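As given in Swiss-Prot:
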BINDING   ARG78, ARG103, ASP130, PRO131, MET132, LEU133, ALA134, THR135, GLY136, GLY137, THR138, ASP199  5-phospho-alpha-D-ribose 1-diphosphate binding site
BINDING   ILE193, GLY198, ASP199, ALA200  uracil binding site
Amino acid sequence: MKIVEVRHPLVQHKIGLLRDAALSTKGFRELVTELGTLLAYEATANLDTESHTQPGWAGPVTVQRIAGAKITLVPILRAGLGMLPGVLALIPAARVSVVGLQRDEETLQPVPYFERLTGRLEERDALILDPMLATGGTLIATIDMLKRAGARRIKGIFLVAAPEGLKALEAAHPDVEVYTAAIDDHLNDKGYILPGLGDAGDRIFGTRLE
């Protein structure tokens with residue numbers, strides 16, 4: 001399985017800022033948006049292109065364009081929505097598919113509650129957006145859902161990932177590519193990433209307990 005930990009200095013600087021427990025909701029949200037753009041840039045570096053001839057200022061010019069159907073972005077509700085604006089800034093024509101799975105805090109297993117996918121998935125690159133790859137259960141369930149709908153080229157973009165989640169993903173879907181700003185140390189006994197970011201959804205939407 002292809003796993004890319006993006007070591008670009010800007011990415012590492014921004015993920016470090018996100019780890020600050022005193023960071024405001026506004027600051028956290030802005031950094032998540034910026035990291036979404038930077039990580040999507042890395043994740044799309046191997047897209048197929050094709051030649052296209054168009055009018056230029058001095059006559060016809062041949063340029064490169066992305067080949068095939070438009071990319072679909074797949075934010076996992078709700079925290080994945082925080083990454084969506086940054087990725088759309090880079091790929092404004094992308095289609096957006098939305099899935100909702102929440103983790104049962106007792107079993108740590110994903111429970112699906114929403115699915116709205118774009119058509120022609122078999123022709124598209126699908127980029128899953130989720131700030132945290134923890135146990136891998138939610139991600140694996142999302143990939144299962146996408147593959148049942150016809151998706152064949154799937155990548156995941158995460159702010160932080162746990163080794164346990166990466167191992168589980170590789171066992172279930174070794175064909176999926178992973179792009180992350182950081183591979184953290186481990187999961188605690190509640191399935192949270194350490195050192196992690198805290199609850200990314202609460203920090204993005206300002207719903208954490210004071």
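Every residue gets a Cβ built from N, Cα and C, even glycine.
A count of other CB atoms within 10 A of each Cβ picks out ASP130 as the most crowded of the binding-site residues ASP130, ASP199. Spatially, by CA atoms, the binding-site residues ARG78, ASP130, MET132, GLY136, THR138 include one closest to ILE193 (uracil binding site), and that is MET132.
The record gives ILE193, GLY198, ASP199, ALA200 for uracil. Within 8 Å of the mean position of their Cβ atoms, the other Cβ atoms in that chain belong to PRO131, MET132, TYR192, GLY196, LEU197, GLY201, ASP202, ARG203.
For the binding-site residues GLY136, GLY198, the largest tally of other C-beta atoms within 10 A is found at GLY136. DSSP assigns THR138 (5-phospho-alpha-D-ribose 1-diphosphate binding site) to a helix. Within the set of binding-site residues GLY198, ASP199, ALA200, the entry lying nearest in space to ASP130 (5-phospho-alpha-D-ribose 1-diphosphate binding site) is ALA200 (CA atoms). On the backbone, the CA of ARG78 (5-phospho-alpha-D-ribose 1-diphosphate binding site) and the CA of ASP199 (uracil binding site) stand 11 Å apart.
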